[in-house]
Amino acid sequence: MKEKLTIIKVGGKIVEEESTLNQLLADFSAIEGYKLLVHGGGRSATRLAAQLGIESKMVNGRRITDAETLKVVTMVYGGLVNKNIVAGLQAKGVNAIGLTGADMNVIRSVKRPVKDVDYGFVGDVEKVNAGFLAALIRQGIVPVMAPLTHDGKGSMLNTNADTIAGETAKALASLFDVTLVYCFEKKGVLRDENDDDSVIPVITPEEFKEFVAQGIIQGGMIPKLENSFSAIDAGVSQVVITLASAINEGSGTVIKK
């Protein structure tokens, strides 16, 4: 029987505010068994870029990562945000280690090819070093992963944190009984976006298609759910979309086959 592993993905909005970060770290610390945290950090990067006189360019909500911006996100994601989380977890007795994809070749990516938009130094994940992560986890060490990967040729790459969480979950699914939790600003996937209590408790692939056709699920939630079903297909036991403050409550939307 596989040992349980919980992978939590949190956005920058949560980890950049002291009050919400402290609550998250307390809730994360209370998770029993093996665990791993993946974080974002976009607003901090935007702020530092502005202070340095570097313009932040976004297309469809995605950051364009030119050479100067890459320096900023590497400093912020791999440094400031990541180490604040690690220090906070250590203070709560959690033996955490901060990682980017370059550390021990944890995640190697390929630079995204230019199609309609040139996103610059943005990585699409090629390989996750599951063996190394599993070795850390089984020693009781908790990986805290920044949204940065590398190309194996000496360059860092800015990489979507949702993608890192999903690909890491898939890679570890053969070794652990993995639950992947995407922390969201809502209580889960909503039947009515104007009613915060209209949470859909369970979504199957068939229901997902119906909800999209009916316009109940739309926009950025569609790729999030597509990634969730991809993780399930790759052997992840369960994917949950819920509030960051509810990761120990068993609430939210569960994605199932």
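Cβ atoms here come from the backbone N, Cα and C positions, even for glycine.
Not measured: the values here are computed from a predicted model.
The record from Swiss-Prot ties Gly41, Gly42, Asn158 to substrate, and of the options Arg63, Arg191 it ties Arg63 to that site too.
Residues near Lys9 (site 'Transition state stabilizer') in space but far in sequence (CB under 8 A, at least 6 apart, same chain), listed by position: Leu37, Val38, His39, Ala161, Asp162, Ile164, Ala165, Leu180, Val181, Tyr182, Cys183.
When secondary structure is read from DSSP and collapsed to three states, Lys9 (site 'Transition state stabilizer') falls in the strand class. Taking every pair among Gly41, Gly42, Arg63, Asn158, the residues recorded as binding substrate, the greatest CA to CA distance is 12 Å.
When each of the recorded positions Arg63, Lys224 is scored by how many other Cβ atoms sit within 10 Å of its Cβ, Lys224 comes out lowest.
Long-range Cβ neighbours of Gly42 (substrate binding site) (same chain, at least 6 residues apart, Cβ-Cβ under 8 Å): Gly11, Gly12, Arg63.
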